[in-house]
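Accompanying notes for the structure given below.
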């Protein structure tokens, strides 16, 4: 019963992680955040692998999922440090876009309560002229929204790691107990065809 409940909980956590990862992937695409996009892509693949391993009783897949959740926690800790500008990091840098573009988080202009105003620069306007974008009235700054996203990802990943370790240990105990009672014992197959040595020698004495 314990294994079944832990396995069902892990299946639910994997499905929930997929939903949360897809939601985050959408907003990272809107903000052209290429590094998070790649991280989310690998995260979705590994979570699907862990879900398959949980359903099909494949402990090795669950172990891979557990290892990835630890790496996923580390990645989200880095994202939190990036937006809180810890350790010399700057949220205004183009690190998450691989310096390909100057885009920032989608929430920086579309957060709750934000009013976006586009103001053309002074001088002659041309096709290549840029406009100054002013964002005002945000109820919550975009960096805190990203931090909350990452903190929630860490919480779910830690739960997934704990239940993954529990399910793997439960599967291992079941396999060991099944092997102990002879479920995987190959020797009975050979005992059927074995004959005592005195029976093999008996026809020789009769022939003489």
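Glycine too: its Cβ is placed from the backbone N, Cα and C atoms.
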Transmembrane segment per TrEMBL, picked from 151-171, 172-192, is residues 151-171
Residue list, the transmembrane segment (62-86) vs rest of chain: Cβ under 8 Å, 6 or more residues beyond ends.
10, 14, 36, 39, 42-43, 46-47, 49-50, 53-54, 95-96, 105, 143-144, 146-147, 150-151, 153-154, 157-158, 160-161, 164-165, 167-168, 171
